[in-house]
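For A:86-301, the entry in TrEMBL reads domain 'ABC transmembrane type-1'. Among the features that TrEMBL reports, transmembrane segment is placed at A:28-49, A:90-111, A:123-143, A:182-200, A:278-301.
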Amino acid sequence: MSATATMGDQGRRLSGSRRRRGGGLPPVLLAFILVPLLVEATWVLWPAIQGFYLSTLKWDGITSPEFVGSSNYRAMIHDPVFQTAFKNTIIWLVLFGGLSILGGLGMAMLLQRDRRGVSFYRSVLFLPVVLSMTAGALVWGVFLQPDGPANQVLKLLGLGSFQHFWLADPKVALYSMTLPALWRQIGYLMVLFIAGLKAIDPQLYEAARIDGASRWQEFRHITIPQLRSVNGVVIAVTIIDALRSFDVVWALTRGGPYHSTELLSTYMYSEAFQSRQLGYASALAVVIFLLASAVIVTHLVRAFREDSD
Amino acid sequence: MITIDRATEQTELAASPALRRKARRLRKLTDLAFHAAMIAICAAWLAPVALLVMVSVRTQNDITGNGLGAIPSSFSLSSFGAAWNEGGEKGAIVNSLVVAVPVVVLELFLGSLAAFALARFAIPGRRSLLLLMLAGNLLPPQILLIPIYTFTQQLGIYDTRLALIIVQVGFGIGFFSFVLHGFMRGIPRELQQAALVDGASVVQIYARIIMPLTRPALAALGALAFTWAFNDMLFAITVLTSSSKMPVTPTLLGLQGNYVSQWNVIAAGTLIAAVPTVLVFLRYQRYFIGGLMLGAVK
């Protein structure tokens, strides 16, 4: 922190002396910023704004669009599939998000110290991160088939009554799908948490140990507060990943059976590119956007308040 | 006071040889427990992959006869041929590489330009610019799909790999600018100041001083960016429609559709699709994890 602060001071001093000499910023710098910004603005920022506008249209993408105001949003309220997708998205956010953070933190705590074998363990846990989510989902898809190992093992253990059609039973399909998602996400979050844990000053722990703090007290009063900046990143990343989750569902069930695994993202995609309801799909995308912003903004506001305490 | 007492007490305790031996034995025991637990976790982590390998080398008759979860009683590599040739993975891997390589290069190049300007010069409003760019990357991509779909059609580049490249670059720039900015800010000012005094231009400072020093970060991010670009599905199925142009992830899904319940072919296809990124990972492991860590701690 202090290092960056000095950097900033020096930067200001440097630019100050430049300005006094009468030279502004070199014009080529403008291009350095504008070219990347323009690419992003054209392909991301402007389309995002357009997404809001499209959500007020009734449009199939071929005939000319018709302005319908908020009627897409009103239709949503009475749309049972939307209700299911919304509910599932919240479940997914809490379950997938919560468990991946707990799992990632747990693994990071176990593997933070550099000792023999640790880098191998880290690599194994990280390996799924380099697969595509689709591949990851298919890996587990094999596992969860009716005649697959999941059911076989249950039968062997005498737990035959727990056997399920994991991906075809509307009651359990959504929960089954958290397995591949968690399998992939935990290694990713583990790396972020390890980075955070390594940045904690070991003297804090030494001081706590001398004061006779228990392991739990150390965790509660040093580790968690010291991880604050990483927690912010992790929570933002997790929420966004949870809300944009698409590949895993698309690979395993496409939202079925009977929309029981439908997430807002999959419903949005099928409304857009299969039912060709571009306006309605845009409205669904806006809901995803608003959910993401709401959760992130609430979290940032809270983190901010804690910071100023 | 109390703390000092405890500290001396501890040193006295540690000095006793019997207690020291006991502590060493305890440490050995916890070590053993740690490794046992980690090996169990790692086995659980690798089990699905091992299962996939087992399924991929079985014949269709074996699978339908004995079930997916049974011990293999046949061996055949023909499922790999089916996925590779008839399943279209040969072309799909090429498509993925044709897209991913330029995406990584362009993303990092454009990201480094913005990061350099924002990190090394007092641009007015640089914090806001940086956050705006990062925010673009954090948007749920769903909000972009339909506008991008219609935009590529208007430009006449719908269903081209070029469209996919541009879209992915646009989406990635924000993140890479942000992370590279963090890295470049840590490079000592003196180097740049000396060059400025010598009359070096901005381009020279970028190319001769900052970029060479940024190489470790670029390597790390490059490895990471490659897997992201290579594994993308959502943007691909939004701007592409011909199966001959599809990259590997959507092709894998097509494979699943065409080879319903031929799990050996699906398993083989999944393994093939994973090979390039796993190879990059194994080769650049160190950098990978470094790349994620760069972005994590601010």
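The backbone N, Cα and C atoms fix where each Cβ goes, and this holds for glycine too.
In TrEMBL, annotation is done automatically, which means it is predicted and not curated.
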**Fill in**
Same-chain residues at least 6 beyond the ends of the transmembrane segment (A:182-200) with CB under 8 Å of its CB atoms are 96, 99-101, 103-105, 107-109, 111-112, 122, 125-129, 131, 133, 136, 140, 222-223, 226-227, 229-231, 233-234, 237-238, 241
**Request:** Six or more residues out from either end of the transmembrane segment (A:90-111), which same-chain residues have a Cβ under 8 Å from its Cβ atoms?
**Result:** 118, 121-122, 125, 174-175, 178, 181-182, 185-194, 196-197, 219, 223, 234-235, 238-239, 242-243, 245, 263, 295
**Message:** Do any residues, 6 or more residues outside the transmembrane segment (A:123-143), come within under 8 Å Cβ-to-Cβ of it, and if so which ones?
**Reply:** 107, 111, 149-150, 167, 177, 179-181, 183-184, 186-188, 190-191, 245, 247-248, 250-252
